[in-house]
Each structure stands twice: as C-alpha cells, then as structure tokens.
Amino acid sequence: MLTASQSSQVKPQQWATTTCRRSSAASSAALLPPPPLATGRRRVVAVDSRSTVASAALRPVAAEFADTSPVPQPPPSFSDEEEAMLGSYVPVYVMLPLEVVTTENEVADAEALRAQLRRLRGAGVDGVMVDVWWGIVEGAGPARYEWRAYRELFGAVQAEDLKLQAIMSFHACGGNVGDAAVSIPIPRWVRDVGEGDPDVFYTGPGGARNQECLTIGVDDQPLFHGRTAVQVYADFMKSFREHMADFLGAGLIVDIEVGLGPAGELRYPSYPETQGWVFPGIGQFQCYDKYLEADFKAAAAEAGHPEWGLPDDAGGINDTPEDTGFFAAEGGTYLTEQGRFFLTWYSSKLIRHGDRILDEANRAFLGCKVKLAAKVSGIHWWYRHPSHAAELASGYYNLGGRDGYAPIARMLARHGGAVLNFTCAEMRDSEQPAAAMSAPERLVRQVLSAAWREGVEVACENALSRYDRRGYNQMLRNARPNGVGAGAGGRRVAAVTYLRLSEELLAGNNFRVFRTFVRRMHADLDHCPDPARYGRPIRPLERSAPEIPMERLLEATAPAPAFPFDAETDMSVGGGLAEAVDWVLDKIAWIVFG
C-alpha cells in the first residue's frame, strides 16, 4: 500500500484557487522548465526531489548530459509562403503506453522511455498523451494523493521538448478493445464502497455490474467517505493542479482531457468485453442500478406516465437490432412515445453528467493556459441500421432525423470552447464487414461537422493501432477535409493523437512511414513549437459560461447536412506503389538482420 506525504493529502472542499499560481510544495527552481538546447545538445532531466523509487532509473540518464550547458535555440524561421501554410498545420501527439506508470506508482523502464521520447521528438512529433490514473494516484485512501511517478514522467517529457495532453482517467484500465492486457482498477477504497452498495456501479438489465467506473446515478450521492462522486473527481483535479503547477505554468501541459465514463469517454459502458461483448453486438442499456432507475421513475411520473419503466425488450449484448423488440426497424419500441421519452432521458443524463464534470474541471484549472477536452466514442457499427442500435445503447440518441452529437458539442462550447476529441479517424467504410452495417466515414463527417457548426474545436485519433499508409491517409483526409491552403475554409482539426507508442511503431519501415505522416500533418513544414503561429493560441482558462438549459441543448438535434469532405487527402503518405517498396525493404531487412 502506498503512503502519502502530508502535503499530498487533500481535505474535501478546501479549494478556492483562482489563478494558475505555483504551489509552495512545488516551487523549487530545479523544476522550472529548462531552456531549449542547440541542435545536438541534450537537456538535463528535472526530477522532483520528492520522487523516490522510480526516480533512480532516470538519474544515470540525467548525469550523462549534466555537463552540457543549455544554449537557447531561436524559433524556426519560415518563409512567407510557409507562414501561410501554417494555417494548415495540424499538431501530432502520441499516446503513451497505458502502463507507463505502474500500479506501484513508478515510471516503467524510465531510461527506455526517454529514448523513445527522443525518437518521437526527432520525428517532429509535437507531444504525447498520457492517462493519469485515479486508481494509482488516489489508491492509498480517500483524498490521499501520490503524484511522484507522474512528476517524474512529466519531467522526462519536458526534457525532450515535447508538449503533454493529460487525461484525468476516472475509469479502470482493462475490459475494453485495446486494453485487455493491462489491469489498473479504480481505487480499492471505492471498490470497497461498491461491495456494500453494488448499485454505485453501472448495471445492465440482467443485473450484471460493471466496475470500470461509477454510475452517473451517484454523481450527487455522498457515499464515498462523505463525498459525492462529483466532489471526488473535482478534488482529484484540484490536487493535480496544485502539484503540477510548475508544469502548467511552464506551458508543458496544453490539454486536460476530462474522463467522463468508460475508456474515459462520454458514454455508458454498453459493450464491455469483460461481459462477453463481441463486435458487432449492439450492447445493452446501462441504467438499471437503483439510483438511475429511481431517477427515471421520477422523471416518468413527472411526465404523467408513472407506469413507464426501463426497457425490457432491448435484447442481449451480442444481439442484432432485429433480434430485439426495442431496436427493430419496423415497429421498434424506440419509435414509440415511451421509447422516445426513455432515450431522451438516457442521453440527457449523459450530457448533463459531462457538463457538470467539465464545469468542475473549469473551476480546478481556472487561469491556467490549457484547453479542456472531452472524448466521444466512435460507435460506427449499426450506423446504417435505422435504429442506430449500438449508438443508442451507448447514450448517443442519434437517428436519421435527429443529430445526437450536436447537443454534446453545444454543451462543450460553454466550457471555454472545450475540444471534442473523436475516435475512429483511420477507418474506411469499405474496410468494415457488411453484416455490421458500419459507416465510420459518415459518422466522422457527421460528428466533426456538428462540432464545427457549434464553434467547437475537434481533435481526432485512431481507434486501433495501424501502421499502413491507407490508415494514415484516412487520418490526413479527416484532419483537413478540404486539403491545405486557402481552399480549406478554415476547417481542420485542432490536433491528431496517434494510438499508441510502442516498439512496433518505432521499428524499421513503420517508423519511416510514421515520420512521413507527421510531416504531412504539419503541411510539409518543420515542427512549430508555438501553437499561436498555427492558429491555436492557448489562453488562460476563463470561467465557463452560464449553464445551458437542456431544452436549448436539445434544439441542436435538428439535423443538418455534413460539410463536404474530399474523397482523398491532398497530402498522401503514399499509396500502393509505396507499400510495395515498403514490402521489399522489409524483406531486405529480414534477410540482412534476421
């Protein structure tokens, strides 16, 4: 069990900071951002003096370059033509491994990580993204926070001239696509509460509990040693700000992505692999805990229908829509008055949950030069079925005549223009099995268009790790749907995050293609360290605008056509011929090196 120092213990509701000041506990001059070095020079790693076990792995690396005097490096110089092209520059971030900080609160293989970060920086990558796991930092007990490993990690990122996107990960790792091999549960003391009251977890129609995250039904329930779930999340973020004030002040952290559900996404955990889900199963509604059920019954009674209950005809987790009464294309319950009422309530609860947690994030980071962000999942299967069954089960009330994503974008707009981060940017419709009735390309167009109409920035990422040129070209096309230059109409994503850093990504031809991908995202320009130069200035976070009534949020559901997207990117990393060359190079490497 980890022990926390007195300075890392936080009592609930004692926070009233309003500026991004440096905390007294983290004011050491050694933690100030070191100036950049001239080409060929390295930086000394600045490690928090309070770090203990894991810091030892970085000390030899720091000492190796300790005798190198830092020399300021001027910003890159661009020609007038290149300055104009900066309007098409899209920064690239790379997700760090899920277990980069271990459950023992140590940086995993810090020296190897430093080498990987250095290679990313050499490829022109702008920064990295990392999960800040609730289960690790507050694992020792309520309001007992231990940040030592994350401070060490952030110092290593800073030393390599990379920026950082930090995810407030209030969920467990494990049980979703892509994270089955890693297990980082939510804090033990929270699970202990769940042993006495299992309804603090999301619950399916058959009673199956999901311990990946807390149900939004307990947002206002003071069940967690006197705190509500919302207060627990808020205190965690305030502690993060206090203990990372130097990194925030130095501009290392540019985005705070706020975890809002399973996999950090604003959705219900409707399709967990831990409960046997297999693609393309429709999933199941997750609102059968006593708290959400009581909320629904109260809402139905207020609407004059006390007899209405939660759906009992929505089928099993791996059913197709036509296996069910609720999602059937002809005469499905989702088309009835009762079905529409339930889906409006179900999706509205999700939007309001996201709104409240983002409001707390805004309070926590008020005055800091960061952008807030929220992740929306790309539920692309059954998109072409009239019921959009998988989306509905996840909480996205999206149909042919109803835009389920625009209300989310409108909600984000009030939080200083919080960024909508969307997945599945690498996928093509033609790559999906016909039986899944999938349409990731159409879904991406719809979501990005909805956000842009609401004046919200969009970031995107790939859902699955890929190293092929076809996947990269699809991400480039979605990042700049109308190409580079003046004809783009100002539509481009705020950033692209690549999933994920691994030795496979950094190996041979994979890394050569990735370097080209980064260069194309940068509109064939050198790396630009100043976001303001490419039109993404990061200003001190101001207070969120007044809460938007749900009625006004739901007005955004009126459908509108998506913006036009080009058929292909105008900055390709190469096609079939290049892939043939890749194959030859790989064969040669295999013959020579074995």
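Note that Cβ sites are derived from N, Cα and C of the backbone, with glycine treated the same way.
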Stated TrEMBL location of region 'Disordered', expressed as one of 1-37, 260-296, 445-481: 1-37
His380, Arg500 as binding-site residues, winner by CB count within 10 A: His380
Glu461 (active site, proton acceptor) to Arg500 (substrate binding site) - Cα separation in whole Å: 10
Intrachain C-beta neighbours of Asn462 (substrate binding site), sequence separation six or more, cut-off 8 angstroms: Thr423, Cys424, Ala425, Glu426, Gly471, Met475, Tyr498, Leu499
Integer Cα-Cα distance in angstrom, His380 (substrate binding site) to Glu265 (active site, proton donor): 15
Number of other Cβ atoms within 10 Å of the Cβ of Glu265 (active site, proton donor) across all protein chains: 24
